[in-house]
Amino acid sequence: MNMRIIEAVDIRYTYPDGTEALRGINFHAERGEVVALLGPNGAGKSTLFLHFNGILQPTSGKIMIDGEELDYSKSGLIKARQKVGIVFQNPDDQLFAPRVDEDVAFGPLNMGLSEDEVEERVRDALQKVGMLGYESKPPHHFSGGEKKRVAIAGIIAMKPDIMVLDEPTSGLDPRGASQILRLLHNLNEEGMTIIISTHDVDLAPLYSDRIYIISDGEIISTGAPSEVFSDIDTIRGANLRLPRIAHLVEILQKEDDLPFEEPYPLTIGEARRKLRNQLR
């Protein structure tokens with residue numbers, strides 16, 4: 001079995017106005033991984049994601065899904081979008097129906113499923129996102145976090161192998177962000193491959209198996225979180241920063257002469273273990 005469930009191979013994309021947004025991107029996610037694409041605003045994160053199920057077609061290069069090149073015919077795009085679901089940064093760009101259940105049912109209905117199967121999928125999806133009981137309500141009156149959960153439910157109902165989320169916690173308060181991240185963790189535990197874009201350097205190491213750094217349309221670093229954040233010059237050169245915990249340890253080492261070894265801790269748990277070792 002091919003472990004690379006989705007792959008971008010030398011993807012280049014130029015917008016009609018001549019803006020070169022992607023410059024030879026190579027990216028992959030393995031089956032069951034959580035992968036974060038980390039970069040500042042305008043780096044090309046959203047543009048790359050729109051290639052993953054054929055919303056955009058590359059100027060050159062190819063997208064591979066389950067070992068097969070993405071086919072841009074009507075039937076090929078339907079097949080790709082059943083395997084790869086995309087959740088936009090702004091849920092208002094995704095929600096359009098007057099009722100929650102109608103919105104969540106849109107994808108399954110267009111897959112040609114029976115009414116009973118659609119109803120079951122809608123109920124299951126809403127239960128997973130904690131929105132069961134909201135079926136008849138208008139989603140456009142919801143909070144940002146509730147809208148995001150309905151948008152995710154619409155993707156869950158299609159049962160894709162891969163869920164791609166553009167800035168999933170953007171604009172949410174801490175509680176709303178925590179609910180979304182817990183939901184994504186649960187979906188991943190059930191076997192779904194999760195790909196997120198973010199510029200939140202504190203979030204990425206907490207939830208990701210691997211990280212890609214994108215800057216000016218190019219991948220400039222990839223690896224496990226500890227590997228990526230150990231290259232401090234690359235992180236700062238991409239107009240990003242170290243996670244707060246790592247930055248604190250960097251200051252303690254350089255300005256207070258505390259003997260921390262690199263790589264710096266990226267989470268509170270890692271920092272606690274290192275501090276306990278220092279105090280023994």
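Just so it is clear, glycine is given a Cβ too, placed from its N, Cα and C backbone atoms.
Here Swiss-Prot flags 6-241 as domain 'ABC transporter'.
Among the features that Swiss-Prot reports, ATP binding site is placed at Gly39, Pro40, Asn41, Gly42, Ala43, Gly44, Lys45, Ser46. All protein chains considered, the CB of Asn41 (ATP binding site) has 9 other CB atoms within 10 Å. For the recorded site, Asn41 (ATP binding site), the DSSP three-state label reads coil.
The average pLDDT the prediction assigns to the domain 'ABC transporter' (6-241) is 94. Secondary structure at Ser46 (ATP binding site), as computed by DSSP, is helix. The binding-site residues examined here are Pro40, Gly44, Lys45; by Cβ neighbour count within 10 Å, the least packed of them is Pro40. Within 8 Å of the centroid defined by the CB atoms of Gly39, Pro40, Asn41, Gly42, Ala43, Gly44, Lys45, Ser46, the record's ATP site, lie the Cβ atoms of Ser197, His199, Ile214, excluding the listed residues themselves.
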